[in-house]
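Trainee: I have a structure here, written as structure tokens, and I will follow up with some questions on it.
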Amino acid sequence: MNRRSCAFIFVTGGVSSSIGKGLTTSALASLMQSMGFRVCIRKMDPYLNVDPGTMSPLQHGEVFVTEDGTEADLDLGHYERFTGINCTHRDSTTAGRIYVDLIERERNGEYLGATVQVIPHVTNLIKDFIYSGSDQYDVILCEIGGTVGDIEGQPFFESARQVAYEVGKENVIYIHLTLVPYLEASGELKTKPSQHSVKALNALGIQPDFLICRTQSAQMSAADKRKIALFCNIREGNVIEAQDVDNIYKIPLIYKEQGLDTKISALLGCGPLEAGVSHWKEIVGRTRSLANSGKKLFVAIIGKYSGLCDAYISVDSALQHAAFAVGVNLSVQIIDARGKDMSDLSKFDMILIPGGFGNNGIDGKLLAITHARINNIPFLGICFGFQLAILEFARNVVGIKDADSTEFNKNCKAPVICFLDEWHRSDSSVERRRQSSQVGGTMRLGGYNCVLKKESKAYAIYNETEVISERHRHRYEANPHYLPELEAKGMLFSGYSEKGCDIPEILELKDHPWFLGVQFHPEFKSRIFKPHPLFLSFVRAGLLRKYS
């Protein structure tokens, strides 16, 4: 379905943050894909950080890394997993990035002495981001982070208003998500917060075309929808209910059942097209049957951000993708490496240590690695987990008692993990970093090739592919000086960076059924319809150990 001009769908939220804008945007994009539209999804975050790379996962959830090395909001992970389309730097921005660009332009004299203001200068830069590459798509879906009424979000809402003015309202749709709370004491749903949220949006010059009402257990009545439609000046049929679900892949089906797909296509002047959802029905049906499966695995994610499940959302998703493909019910528990739950890991069939930074909780993580190594429990270490697996092995097997990482101890006597100061980009140019560089600028980010050793477990897992590509986010690496000692005791480094610097990328233990560490982040490339081979093999190893 090729439209003569690109349409823009803006997804906004009110009443509460974390209301599901990213999942709604992802689900809508997948529905529009199935109708034949060429879609693109973009995220605009109003916070003043240039990117989320230096933000605490406890505040903002995980940092998602795109193929081109962009550190982005976790919603881009949802976008990729629902649509299968890889996002780039053109699909994510923040108020901080916009203002940095603005100040640089002003300092370079690009505004020719004009008084630089929010309107038109900031809004013009935001619109440049929105319009970028629009000739390649039929529909661009733009999610505005935060909630209506946030002071830092006003330039983004104003830009969304201006887009309709510039391209014509017939080419723009506004979708607003609100929370409809249920008061147990009175036994009723309350619509007033939604009314006030839409009123605040109206004050910014935007009248939503659709209102998606998030509810919990109580279902909205026809009277509730009529009331909201009347007070919010929205067609009754365009008031969509979105109840909490136990499986996010039900969301496209929920919107399809209420005709959101046909209503959007009709509003865009393309007729009442219908989305194909048979693939989502299959996913939901199979996951429902897995919940009743007799085979169940328990996996522990040992981290330090246990207070927020979104901190490891891509890892959890990748595990569930693999479990779905293998046909096993998987229970994932995030364990605080500093907490009392570390005292008993015997109930877990698999152990995973994800990416992270700093020495907080490393003792617990090292204990978990030792437990997995000694007891032949399937183990996967990702990024920081890869480095800690080397550290544990160096101390407890090789006998390097002073083994440490310069991340924790800059003056350590045996730096088995050290600062990564040079590597080759995909275009063969050399990237260099110093420890004195800005914190946000010392990472090796994005997709890089890795060469696998034949006859290794990794080579078999990747279907005997000699060169693979994975996404990275790290500033420390295994110190090549210590690799011979480690390999002499049974640790095989089965993957290395492809060009020039020979950075160790994959480790495995020769005398362990399944013990792997990877310097990269395989979770970022896993999809529900194409699970990542490492996670598939990891889950199969857990299944084999428990049920063989």
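Cβ atoms here come from the backbone N, Cα and C positions, even for glycine.
Feature table excerpt (Swiss-Prot):
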ACT_SITE  CYS383  active site, nucleophile
ACT_SITE  HIS521  active site
ACT_SITE  GLU523  active site
BINDING   SER17, LYS190, THR191, LYS192, PRO193, SER194, GLN195, LYS227  UTP binding site
BINDING   SER17, ASP150, ILE151, GLU152, LYS190, THR191, LYS192, PRO193, SER194, GLN195, LYS227  CTP binding site
BINDING   SER18, ILE19, GLY20, LYS21, GLY22, LEU23, ASP75  ATP binding site
BINDING   ASP75, GLU143  Mg(2+) binding site
BINDING   GLY356, PHE384, GLY385, PHE386, GLN387, GLU407, ARG475  L-glutamine binding site
DOMAIN    305-548  domain 'Glutamine amidotransferase type-1'
REGION    1-270  region 'Amidoligase domain'
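Can you tell me where each of these features sits in this structure?
Mentor: Annotation note: CYS383 (active site, nucleophile) sits in a coil segment as assigned by DSSP.
Long-range neighbours of HIS521 (active site) (same chain, six or more residues apart, CB within less than 8 Å of its CB): VAL65, SER314, GLY355, ILE382, CYS383, GLU470, ARG471, HIS472, ARG473. DSSP gives HIS521 (active site) a coil state; it is part of no helix or strand.
Around the Cβ of GLU523 (active site), the same chain contributes SER314, VAL315, SER317, ALA318, PRO354, ILE382, HIS532, PHE535, each under 8 angstroms and 6 or more positions distant in sequence.
Mapped onto three states, the DSSP output places LYS227 (UTP binding site) in helix. Around LYS227 (UTP binding site), the same-chain residues at least 6 positions away in sequence with a Cβ under 8 Å from its Cβ are THR191.
All protein chains included, PRO193 (UTP binding site) registers 15 other Cβ atoms within 10 Å of its own Cβ.
Secondary structure at GLY22 (ATP binding site), taken from DSSP and collapsed to helix, strand or coil, is helix. Listed in sequence order, LYS43, ASP73, LEU74, ASP75, HIS78, TYR79, GLU143 are the same-chain residues six or more apart from GLY22 (ATP binding site) with CB atoms under 8 A from its CB.
In the structure as shown, the Cβ atom of GLU143 (Mg(2+) binding site) sits within 10 Å of 26 other Cβ atoms.
Each residue in the domain 'Glutamine amidotransferase type-1' (305-548) has a pLDDT score, and their mean in this model is 89.
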Trainee: To the nearest Å, how far is the Cα of SER18 (ATP binding site) from the Cα of LYS190 (UTP binding site)?
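Mentor: Cα to Cα, SER18 (ATP binding site) and LYS190 (UTP binding site) are separated by 19 Å.
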Trainee: Let me know the most crowded of the recorded positions, choosing from ILE19, LEU23, ILE151, CYS383 and counting other Cβ atoms within 10 Å.
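Mentor: Highest number of other Cβ atoms within 10 Å: CYS383.
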Trainee: Just going by other Cβ atoms within 10 Å, which of the binding-site residues SER17, SER194, GLN387 has the emptiest spot?
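Mentor: Taking SER17, SER194, GLN387 as the binding-site residues, the minimal 10 Å Cβ count falls on SER17.
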Trainee: Sorted by position, what residues of the same chain at least six away from GLY385 (L-glutamine binding site) have a C-beta under 8 A from it?
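Mentor: LEU352, ILE353, PRO354, GLY355, GLY356, LYS365, ILE369, GLY517 - these are the non-local Cβ neighbours of GLY385 (L-glutamine binding site), listed in sequence order.
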Trainee: Taking the residues SER18, ILE19, GLY20, LYS21, GLY22, LEU23, ASP75 listed for ATP, what is the greatest CA to CA distance in Å, to the nearest whole number?
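Mentor: The widest Cα-Cα gap among those binding residues is 12 Å.
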